[in-house]
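What follows is a set of notes on a single structure, which appears directly below.
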Amino acid sequence: MKLIIGLGNPEPRYDGTRHNVGFEVVDRLASSFQAPFKAGKGKYHEAKCSHRGESLLLVRPTTYMNHSGQAVMAAMQFYKVKRQDMLVICDDLNLPVGTIRLRAKGSDGGQNGLKHIIQQMGTNEFSRLRIGIRKGDMPPGSFSSFVLGKFDEEERKVIDRVVETSADAVLDFALNGIEHAMTQFNKTVA
């Protein structure tokens, strides 16, 4: 079983925000497999599906971003998933809109959901798919208001394609592993 965690904030007011792009990817996968989300065995919702014989557990934490590690640990422990079989999907303020980066391990890069997962797990050695949300002309002021803001019309067109490509990258990870997915999907989606 592969554990696929999309990060975001749980309230409807955060739907469509930059910070919730991880949710958009797992939602896209769940929709394509007609797999409804239901309450999980911890602070998360889950959807189960299968792709070419590989079981996938899609997870949406019901905690806020800064406490995502609670959901990750609960799902890992309940389903006895090893960290090499887990992929976390999140936004990345350090990457421009349209960029996808898969990594087998690494720092949190200032992403608080990743930071909490690393703290809870005691390691940064787990796969992640980062989706760029940075604008070329970053507005002055708080980064939190930026990440909690919605994409503008042009960005939304790009992000819709990025979500689709990211869903394909998740399926590649599930079948072929992180190294293969990195060679195929680390790119900018125009």
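Cβ atoms here come from the backbone N, Cα and C positions, even for glycine.
According to Swiss-Prot, the feature active site, proton acceptor maps to H19. The annotation tRNA binding site is assigned in Swiss-Prot to Y14, Y64, N66, N112 on the grounds of sequence analysis. The site 'Discriminates between blocked and unblocked aminoacyl-tRNA' annotation in Swiss-Prot covers N9. Taken from Swiss-Prot, the feature site 'Stabilizes the basic form of H active site to accept a proton' covers D91.
Other residues of the same chain near the tRNA site, with their Cβ within 8 Å of the Cβ centroid of Y14, Y64, N66, N112, are N9, H19, T63, M65, H67, S68, G113. Spatially close to D91 (site 'Stabilizes the basic form of H active site to accept a proton') yet at least six residues away along the chain are L7, R18, H19, N20, V21, G22, Q111, R130, I131, G132, I133, V147, judged by Cβ distances under 8 angstroms. Sequence-distant contacts (6 or more apart, same chain, Cβ under 8 Å) of N9 (site 'Discriminates between blocked and unblocked aminoacyl-tRNA') comprise T17, H19, N20, Y64, M65, L148. With every protein chain in view, the residue among the binding-site residues N66, N112 whose Cβ has the most Cβ partners within 10 Å turns out to be N112.
Taking every pair among Y14, Y64, N66, N112, the residues listed as contacting tRNA, the largest Cα to Cα separation comes to 16 Å. Its Cβ placed at the centre, Y14 (tRNA binding site) has 17 other Cβ atoms within 10 Å.
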